[in-house]
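If you look up TrEMBL, you'll see 1-90 marked as domain 'HIG1'. Feature annotation from TrEMBL assigns region 'Disordered' to 1-20. The feature transmembrane segment is assigned by TrEMBL to 24-43, 63-81.
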Amino acid sequence: MGGEDVLYQEESQSDRLSRKTKEAPMFPIAIGVCLGAIGYGVYMYKNKGKMSTSVYLMQLRVGAQGAAVGALTLGLAYTMWKNHLERQQANKK
């Protein structure tokens, strides 16, 4: 190849997580929201009352899909906003 040297460094899991968090700040937020939704779903399943399991799971699936679409939309909006600001700062220089 073109004589380029690529250096790889060993990094711990915590270093990798902090690097990934800086690269994609929506990632830890998405994990937190997912864990919260799972906890809420388990709690509500235990207290579902007379609702059948199949109806409850269908409603939970629809809610989870809505949360996923919402998270993707927010992530996309954040990325577009961030790229727009970077272009504005590059044009000022």
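Placement of Cβ uses the backbone N, Cα and C atoms for every residue, glycine included.
With DSSP states grouped into helix (H, G, I), strand (E, B) and coil, the domain 'HIG1' (1-90) comes out at 70 helix, 0 strand, 20 coil. Averaged over the domain 'HIG1' (1-90), the predicted model has a pLDDT of 82.
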